[in-house]
Each structure stands twice: as structure tokens, then as C-alpha cells.
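Participant: Have a look at this one before I ask anything.
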Amino acid sequence: MSSRCTSAVFLHSCSPKAVYKAECAGEENWVDSRTIYVGHHEPPPGTEAYIPQRYPDNRIVSSKYTFWNFIPKNLFEQFRRIANFYFLIIFLVQLIIDTPTSPVTSGLPLLFVITVTAIKQGYEDWLRHKADNAMNQCPVHFIQHGKLVRKQSRKLRVGDIVMVKEDETFPCDLILLSSSRGDGTCFVTTASLDGESSHKTYYAVQDTKAFHNEREIDALHATIECEQPQPDLYKFVGRINVYHDRNEPTARPLGSENLLLRGATLKNTEKIFGVAIYTGMETKMALNYQAKSQKRSAVEKSMNVFLIVYLCILISKALINTVLKYVWQSEPFRDEPWYNQKTESERKRNLFLRAFTDFLAFMVLFNYIIPVSMYVTVEMQKFLGSYFLTWDEEMFDEDTGEGPLVNTSDLNEELGQVEYVFTDKTGTLTENNMEFIECCIEGHVYVPHVICNGQILHDCTGIDMIDSSPGGSGKEREELFFRALCLCHTVQVKDDDNVDGLKKNQLSRKPCVYISSSPDEVALVEGIQRLGYTYLRLKDNFMEILNRENDIERFELLEVLSFDSVRRRMSVIVKSSTGDIFLFCKGADSSIFPRVKEGKIDQIRSRVERNAVEGLRTLCVAYKKLTEKEYYSAHKLLQNAKLALQDREKKLAEAYEKIERDFILLGATAVEDRLQEKAADTIEALQKAGINVWVLTGDKMETAAATCYACKLFRRNTQILELTTKKIEEQSLHDVLFDLSKTVLRHNGSLTRDSFSGLSTDMQDYGLIIDGAALSLIMKPRQDGSSGNYRELFLEICRNCSAVLCCRMAPLQKAQIVKLIKLSKEHPITLAIGDGANDVSMILEAHVGIGIIGKEGRQAARNSDYAIAKFKHLKKMLLVHGHFYYVRISELVQYFFYKNVCFIFPQFLYQFFCGFSQQPLYDTAYLTLYNISFTSLPILLYSLMEQHVSADTLKREPSLYRDVAKNALLRWRAFIYWTFLGVFDAVVFFFGAYFLFENTIVTSNGQMFGNWTFGTLVFTVLVFTVTLKLALDTQYWTWINHFMIWGSLLFYIIFSLLWGGIIWPFLNYQRMYYVFMQMLSSGPAWLGIILLITVSLLPDVLKKVLCRQLWPTATERIQKSMRHKTTLNALANSDGPLLEGNLSASEA
């Protein structure tokens, strides 16, 4: 490259960004660049006016708080929650004005909530700090003054030359300068970045790959010009200028194949040297830390709505009491009774100020209707409940040694509300374990011998042929086909013990250990090995293969035309030992057939179509012979494209298009990706549960459709509707959509499939197949600016189909589909499940994201809300755990509101009998401990342990999932019932005790009961009623339930006896002294308590009995049949011998 082309003008400012203006013709302005001095060596003087830039150090910070800002920042975040802020205001009001209750009654529960949450969040952040420190203090080897020095990772700077050894992770983003491998390559796994656990090949810079020791590397004088940091893992554009003895530097292009990313791991390579170009929070890994949007469950949304309703009720109560107080005091002598005359300053106070103070006082008095402890209980229930999922032994996979993971416990109950499941195919429904099945050469089919547990059986080096063996030219084509598959790939051979440069296992024909970024490629190379051709290695740019005659053939690798998802093919140009130059190409049938000029196309196409229908993954293989002149022309075209700094991908694509044409078709291969165990059973169960299952895959239509049939997503009687590019080419999109709409609506009427079971035999079963290109057209805004019509029509068709298959989907399109359904007018709850990095976008988009800990790394599992080992575990996760979670938390929320209505409504009624004087009905201790101690533990345990039906029954009867679908237990009808039940019980408590007292009940010594005894009587009935109500709702009794329920009641009695039985020195009042004992000494009080509890519980018992008899749900019918079976079994066990004796006597 000329000096004019390599010299550049840099415009520098105070900012760290520079603007590069290239003088070469055809090159565009290159904005936002950085210049790095390799090893901090400045270039020879007089070359270019470089000005150093400032870069961050190599520290990674993922923590949220520091030691100094934890308390203010955490308190700020907690008080952003409406409930916490509300209770803080109430607490401050109690401190500022004269309120009827002590500030302790609000302050203590609030302090408890804030403290528990702060401890939880502080502990989580401490773990993040710990992880950051471990990463930042990790030792790194770097070169300083020609020697290897060790220092902490956080001290690395841009420009440092780093040495990384095998199995170590890269400490920052590096440009590969040299490798211990002779060809300057190294192998890397990027599982922690993009989820792909397979090995990828990276290349050293041509001019530096020969530097193998510290001194040579330290002597290097070079600068790197590259773009500023950006998060795209697969994109990098840069240039290295290497300065030799003379002043004119040599420029080489740098691409993503030269960039080693932080977090990736070095494999199968002894060591590498690289220069740091992006450090710390500027590395691509740090830039890809995607802050997951906060997902909120339907239950949490319902809770917030109910909270607003209760806030309105609270304000209404306070207003009514304030108004009535002033109406009551408008009568003479009521305003200032003789025992409570006002002072002069109180008389002169502004009326509105007095009224507002009274309003606030009533708000404080009634504020317990909003339960602050409910939030803590819900948090604890979710956190502790998530352990039941991780402890489930049935969901532990012995093959992988992995169990379920819970990344967020906030969405547990959402697992019981799922209406749509979006699943990936490869690695999720299938095992992602490729096995070579057959190859078809010139119309002849070859099937290799069977592999048993990954080992070839002895004496199995031959070939099973279905058709007769080809003759003459066919034999030549056969060998070319085998050579093509041995050479056209990016597979690497794992290093083993060498014998005279050749590996022991290659000479003994044992299978080599192959590594590749694609499981398909490994399956093909292993399959061809079983057919007699073994790929040995790539050394010094020569590929070696072992043919059937045990002769080693050497081919010089001239060019690799890499695979990409747009072309869907890859090629290599090789030169044989005889001097012949071949271009071998393999790829999808749709990308190979249009470029073929000769070969047995029809026979091979029919075989490919047949294999695709059977669910096999197919590839076609073709070749062409190149002359020296053709090769030189192709080489020049590729080199020009590779050296371009701008639009490099576009120019390479154009070069590939010109080179890859006029092929001779050789044959095709078929590889099987087996269906996962019980995948079909799982999908069938989900459909019976009323869940719509969609498969979103990047695979071709035929292969994906075959998998859908195999896993029972489509059935034999399912009528398949196609919305594909092929259909749209024949008709317009508008016509295709309207035709499909007419078809489904003609049979199903205006009802959508949501009205049916999803497996109904009364209606025609439809399955829809759509591809990525058709989806793009549907999502694309129309010329008139509206895209809504097509989307609505598409959604209408989908609703009337039992299953939908979306093939040829890009990762972003998967997320688009999920978003389209999520935002449709029904707002259904969606779940996305996948195993690869390409599934992350849809996992983050769905209400619930589930990652499968599979062979494509942990990217999906890390970004998900939950992770499981196999697809089959989804059945139990939703139908059992999800069902239980939802039922339990629904009861918890409704019960909390119910018990607080029961608690505070008598206080409201009491104001009518105490002249609206804000006199509390209950003692301060009872007000404080009601939600914290007396009634909280039984409901917490219920919400963790309750099983209204057994787990086995839920698995056996998937339709029970429908009973709780669409937030059934937290609808307005249920909410209003619980609220009115609370009001009824409160009226019974208050007026029952009132009428009891009206008869002037006295104790045995003639003393009358006072107002604190009245309040204690109401409170005692209240605590017993709400606890026994929970006992009536409990279906699954264990010793822990008994201990908690009866223990809570016992604790209340013991506490009351102690609280009223001792004169406490720290109290400035002793109003509760002997009150509880005096109440219990009265026989009528005992009778009243029992009677009031019975009357309070009666309506709920009657309602349950009537509803179960007249309108039973599916769950209640199952419960009844289970009880009936249990009774019969008990009778059979107890009366068995007697029954048998009677039976034998009657027979005689």
C-alpha cells in the first residue's frame, strides 16, 4: 500500500474522539476512531502527529451501591414504592399532630419492611461486589521491557501487550498479534458472550504472527487505528500500521476475526499474545450488559389496583367521619363536654385547619386497612417459594447434571397464567445432537454403518449401499464428493499425542476428536470418516486427508469463502498435489440449485425433498474446476474486498456472488437432529391445558414442519395453511390473508379458538406456517401509513389455528412475533423458551422467559427468568408449580385484604358510638402486632405449602390449568366477595359484642365491662375468626400447618395474658392491666365469643357447600372424586376380609 494511502490526517480536539479523513480514492470519512500505541511504543519521529487519548482502566462494575451511598440510595428507591411512601407519610403525621394512635403502630411495621428489604438488596449487591472484585483482581500476564510481568486485571491499560494461556479467559478486548500455533491461528469458545459453546478460529495479524517470545513482541513498533467501542459482538473495523526499519509503515486491515473478546476462553492453543484495545466498561461484553426491563406479574398489577380501591375506601371513611364529627359537635354542649373543655388557643384555631387535622387523624386511625406487611409477606412467599422449584428432583437432569434455576422469583405466579408458549426448535424441541444419516451422490444413496454410543463397531469400515454402485465417471464424482466434505468446512482437529508429525489415532483409523462452531459440520466430517475418508489436520495451510487406500492426500488451502446466514453456503478453493485447483461449495438446496449448470439435479432434488419431509437437515454439495487465470481473478477480487475498511461485508458478498456460480452438482447429505425425550407429551399436555404453542425457528419449512408433526404440534388431520414467500409471489399478500381468513372463519364461525379446548374434534384443526419474509411484509407499514389491518387479520387467523409454525426467523423477528401477540387486544400472558443466543431477544420480550441449559452455551439461561435442563420439564413447571404458585398467592392477597377489612371496619363503626372522638377500639399493642405476629405466619405457611389437589393429579389432568387461567382468582367478582365477607364479619364482631354489652353483662364480682374490654372482646373474636377462616380454606394439612394455625392462636392468648397480667414499667399507661383476664372470667363472654365466631364463618361455609353442589369447577369435581376414592380405599382396607368372606359365602 502506498504511503499516500496509509498516511492520514487526524483532527484532534479535547474529546477522546478523533475524526479520520482518508485520502484514498473511494474511501469514505471514518468518524469516531481511536489510535492505540502497541506496547506504548511511539512510532518513529516525523511519521504522523498522533496525540494520545485517555481511556478507562480495566475495572468492571456491575454493583449498584457503594458503602457510602447504600443507605440514601436504597431508602430513595424503597420510598418510590407507593405503599412505603404512604406509610411514611402516615408515620410523619402521627409524629407531627396529636393522633389517636401511637407513631409506633405505623413506624414499627414500616421499619420492619424497610429493614428486611434493605438487607435482601444489600446482600445481593454484596454478592455482585464480590464477583466484581474476583474478576478485577484476577492475575494477568503482560509484557514490560521485554519481560513477562504479572499484575491485577484492573490495572490493565489500552496498549498493553498481554499473554493468555490455554483455558484462560481474555481479560479485555485484544487484537491477536501472535499464537503458539505455527499458522498464527487460535481457537476460542464464546459461550459466555453469545451462548455458542463450539470452537471458533481467530487469526493473528500477518506481519506479527512470527513473533513468538516476549523480546520479539516487545520490539514491535505499531499503531492501531480502530472504531470507538460499540456493542455489536460480530462487527469490528480497524487497521494496524506496522513500522519496520524504514519510516513507511505497512498497513493491514483488522476485522472481527482478529478481535478476541473479553469473557471468551482460549482453547486448544498453548498461548497467545494480544494488544489491549478496549478495557473495562468499554469492552464489548460490558457494553452488552443489557439491563433487563422490570417484568411485573398480573397478580402484582391486580394488587396495585386493589390497593387504590382500598385507598379510596380509606379516604371516604375519613371524610365521612370528619363531616359527621362536625355535624355532631354543632349541637350545644356536645362540642365541649364538662370532662373535656377546650383551652382558649384551641377555641381560636381556624375551623378549616381543625377539620384538616381531624381528617388526618381519622386517616391515621383507619390506615391499617392498607396492609404494609402484605408486601413483605408476598416478597417472602416468592423468595421462599422459588426454592420448591429448585429442590424438585423430578426436574433434575442426570445427563447434564443440571437442575432448574430461578433468576427472578418475582414472576412465580405468572407460570400459572401462561396462554401462549413460543418455543425454539433446534436444541429446545430437538437435542442439537447431529448424526450423519445418509448421503446421495449422483442419485446413489450411501448409508454408513451404525455408531453405537459414539463408537464405530469393529470391522465396520465399509459402506452399505441402497442403490447399485456407480461406474466410471460416477466413481470419480463419488471421490470428489467425499473430498469436498473432507475439505469444505471450518472443523479443527483436537491436538493429541503426535507420532512423527501424525497422530496415533489417525494411523489406527480411530475417530479423531473434531471441534467446530457448527455441530452439523462435525457430524458431516465424522459421517464421511465412516464412509472411508478421514480429515486429518490443517498444517502450514495444507489440509491432509486419509483416503480409502490409507494414502494421505494433501491440498493447499488457497481461500475460504465463509458461511453466512444470507448466502446460506460456504466454499473453499484448494489446490491438489497434481496442481488442479478446485472450488468446493456446500449449502442449503435453495442456495445451491440456482447456481448449478450440470449434474443429476432432479434425482438429488427429489431425495432432498424426501429427507426434508422426514425431518432431516439437508445440505447440497457442488464443485467447479478453476484455471490459474480464473483463480488469480477470484483471488484479486477477494483481496480487494478484504482490505476495504468501509462496507467490507457488502463488498465480500458481491465478490462471493461472482465467484460462486456455474457449479457441477455432486450430491446431498442428510443429518438428523433427534427430538428431545417427551417433547411430544409436553406439547400435547400444554395444548390440553388451553395453552397455544408456537414454534419459532430459523430452519427451512420442510424440516421444521416434519419436526412439528413428530412432536404432535401438527396432527395428521390438521389442515396446513401456508403464509409463505412462495404463496405471496403467486398472489398478493392482501389476497392470501383474506383467503386464509375466509377458510378458518368459514369452519369455525366467529368464535376464536380460545373458546375451544384446542383439541376439539367438533371443529376443523388448522395449522399455520409462516416464514420470515412474509412476516416482514405483514409488519411493514403500508403506503397509506397503516399496518394495523394486516396485523389484525394475521392475528385473527392465528387465533383460529391450533398451532403456528414460524420458520426462517431472524432473532429480532422472534421478538417481534412475541410482542405482536403480547400487545394484541386480549393481552395474553406469553412465555418464550429457547437455548441459544438467538433466542435471547424473545426471552427478554415475553412476560416469562425460560432458558434451556443446552449445548449452545448459557446465554439464554443467563438472560432468562427461569432455566431448565430439558423441554419436558416445562410441563411440570407450568401445570404443577405454576398452578400452585398462582393459587397460593391469590389466596394470600385476597386474605390479607379480607383480614384487614375485618380488623378496621369495627373501628369505623365504633366512631358512631364515641362521638367521633377518634378513640381507638383496640390497644396499641394489638394494633401493632395484628399483621406482624398474630395473623401473618399461618397465611405465609399456607402460601408456601397449600396443595388444593395433588401434584400427580395436576400432571394427569392438564385441563385443571384452565380453572386458574386469565387471573380467575383475582377478578373483580372474587375481590368484591372477599371484601363484603370482611364487612359482614366486622359487623357481626362489633354489633354482636355491642348487644352482648347492652345487657349490662357483669363479672362474678359485680364489676361492669369498660371500653378496653369491649375492644379486646372484638379483637379476640376477630383473631380467631380470620385464623379459622384460613383453616377452613386449607386442603393440604401437615404438622407444620397445625403448629402454625393453633400456635398463632395460642400465642395470642399467652401474649394477652402477659400483656394484661403484668404492670409494665416502661408504659406510661396501664389501661390493659387485668382486662383480658377479667373478660375470660365471664361465662357470657365465652359464650359470646364462640357464638360470634360461628356466625361469622357460617356464610362462607354455606357459600362453599352450595357452589360445590350446584356449580362445581373442574378442580372441585376432582377433589370430590379424590375424597370418594380415599373413602372407598379406607373402607376396603378396614372391611376387606369381611367383604371377601361375605362374597365367598354368597357365591357358595
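Note: Cβ is positioned from N, Cα and C throughout, glycine not excepted.
TrEMBL does not curate its annotations; it predicts them automatically.
So TrEMBL lists these for the protein:
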type: ACT_SITE; residues: ASP424; note: active site, 4-aspartylphosphate intermediate
type: BINDING; residues: ASP424, THR426, ASP835, ASP839; note: Mg(2+) binding site
type: DOMAIN; residues: 52-106; note: domain 'P-type ATPase N-terminal'
type: DOMAIN; residues: 137-201; note: domain 'P-type ATPase A'
type: DOMAIN; residues: 861-1113; note: domain 'P-type ATPase C-terminal'
type: TRANSMEM; residues: 79-97; note: transmembrane segment
type: TRANSMEM; residues: 305-328; note: transmembrane segment
type: TRANSMEM; residues: 359-378; note: transmembrane segment
type: TRANSMEM; residues: 925-945; note: transmembrane segment
type: TRANSMEM; residues: 975-997; note: transmembrane segment
type: TRANSMEM; residues: 1009-1031; note: transmembrane segment
type: TRANSMEM; residues: 1043-1067; note: transmembrane segment
type: TRANSMEM; residues: 1073-1098; note: transmembrane segment
Participant: From the DSSP assignment alone, can you count helix, strand and coil residues within the domain 'P-type ATPase N-terminal' (52-106)?
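Facilitator: Taking each residue of the domain 'P-type ATPase N-terminal' (52-106) in turn, the totals are 27 helix, 0 strand, 28 coil.
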Participant: Please average pLDDT over the domain 'P-type ATPase A' (137-201) for the predicted structure.
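Facilitator: The answer is 84, the mean pLDDT of the model over that range.
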Participant: Excluding the flanking five residues on each side, which residues at least 6 beyond the ends of the transmembrane segment (925-945) place their CB within less than 8 Å of a CB in that stretch?
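Facilitator: Same-chain residues near the transmembrane segment (925-945) but 6 or more away: 101, 104-105, 108-109, 112, 368, 371-374, 377, 380-381, 384-385, 388, 888-889, 891-892, 895-896, 899-900, 903, 1015-1016, 1019, 1023, 1026-1027, 1030, 1033-1034, 1036, 1038, 1040-1041, 1044-1045, 1047-1048, 1051-1052, 1055, 1059, 1072.
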Participant: Take the C-alpha atoms of ASP424 (active site, 4-aspartylphosphate intermediate) and ASP839 (Mg(2+) binding site) and report the distance between them in angstrom, rounded.
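Facilitator: Between the alpha carbons of ASP424 (active site, 4-aspartylphosphate intermediate) and ASP839 (Mg(2+) binding site) there are 7 Å.
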Participant: For ASP839 (Mg(2+) binding site), which residues of its chain lie six or more apart in sequence with Cβ-Cβ distance below 8 Å?
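Facilitator: Long-range Cβ contacts: ASP424, THR428, PRO811, LYS814, ALA832, ILE833, GLY851, ALA860.
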Participant: Excluding the flanking five residues on each side, which residues at least 6 beyond the ends of the transmembrane segment (1009-1031) place their CB within less than 8 Å of a CB in that stretch?
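Facilitator: Contacts of the transmembrane segment (1009-1031) (Cβ under 8 Å, skipping residues fewer than 6 from its ends): 895, 898-899, 902-903, 906, 910, 914, 919-923, 926, 930, 934-935, 938-939, 942, 985, 989-990, 992-994, 996-997, 1001-1003, 1045, 1048-1049, 1052, 1056, 1071-1072, 1075-1076, 1078-1079, 1082, 1085, 1088-1089, 1092-1093, 1096-1097, 1100.
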Participant: Among all the protein chains here, how many other CB atoms are within 10 A of the CB of THR426 (Mg(2+) binding site)?
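Facilitator: A 10 Å sphere around the Cβ of THR426 (Mg(2+) binding site) contains 26 other Cβ atoms.
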Participant: What count of other C-beta atoms do you get within 10 angstroms of the C-beta of ASP424 (active site, 4-aspartylphosphate intermediate), across all chains shown?
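Facilitator: Step by step: centre on the Cβ of ASP424 (active site, 4-aspartylphosphate intermediate), count other Cβ atoms within 10 Å, giving 29.
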Participant: With DSSP as the yardstick, break the domain 'P-type ATPase A' (137-201) down into helix, strand and coil residue counts.
Facilitator: 7 helix, 33 strand, 25 coil
Participant: When you measure from the Cβ of ASP835 (Mg(2+) binding site), how many other Cβ atoms are you left with inside 10 Å?
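Facilitator: Cβ-Cβ neighbours of ASP835 (Mg(2+) binding site) within 10 Å number 30.
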